[in-house]
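Everything below concerns the one structure shown next.
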Amino acid sequence: MPFSVNGILGTLALLLLLWRPEEQAEACSCAPVHPQEAFCHADVVIRAKVVGEREVISGNDIYGNPIKRIQYDIKQIKMFKGPNQDIEAVFTAPVSAVCGVTLDATGKKEYLISGKAEADGSMHVTLCDYIMLWDSLSATQKKSLSHRYQMGCDCKIVRCPSLPCSISAPEECLWTDLMIEKQVHGRQTNHYACVKRADGSCSWYRGVTPPKKEFLDAEDP
């Protein structure tokens, strides 16, 4: 029995109406970032322990289904960037397929957590945010959280996707860990910050101590 074009289009339209995004396979995909980029783009960056976990409902979707989130209750140890009040809870999606984050809620581990601020004083995090065990950070990374990363927030860190690669502007720093070391957590990630210098250009700086005037001076190569 032949099918008309209009009949086929009508069937497709009905299927589209019945289709629900949450029933489809989803995946969370995040581009790798240098920790300085993560710091500069985040609303909140804290050191904290997770002391509790529960599932909460935060409204309904367009189909009337409850929107579930995981609430992690935290004990903030130090705030590196964010609002004046302490962060008491971190929210995330319930599964990793939609970028939900899994944290140890026993209070035994300390994390560096970056994410977006919410109006009620909490924060929301995804797999694309920079979340690391505190003990896994290098000494340089820990020191850079207090001041050095902020010094470079006007700089731009450019990933090197393939060789040869180069910067296109003086305020850029070329990030080569992925290409040369074949890993995200390479030398530049663990030991360098992209710092703005006196002439407005940016350059990689290595070291735990703050950059000296000689480094920041435009005359210094």
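Placed from the backbone N, Cα and C atoms, the Cβ positions cover glycine too.
When you check TrEMBL, the disulphide partner of CYS160 from the set CYS155, CYS165 turns out to be CYS165.
Per TrEMBL, the cysteine from CYS28, CYS173, CYS194, CYS202 that shares a disulfide bond with CYS99 is CYS28. Here the candidates are CYS128, CYS153, CYS202, and TrEMBL names CYS202 as the disulfide partner of CYS155. TrEMBL names the disulfide partner of CYS30 among CYS40, CYS128 as CYS128. Note: CYS173 (disulfide bond) has non-local neighbours GLY152, CYS155, LYS156, ILE157, VAL158, ILE167, CYS194, CYS202, SER203, TRP204, i.e. same-chain residues 6+ apart with C-beta under 8 A of its own C-beta. Counting only same-chain residues six or more apart in sequence, the Cβ atoms lying under 8 angstroms from the Cβ of CYS30 (disulfide bond) belong to CYS99, THR126, LEU127, CYS128. Mean model confidence for the domain 'NTR' (28-153) is a pLDDT of 94.
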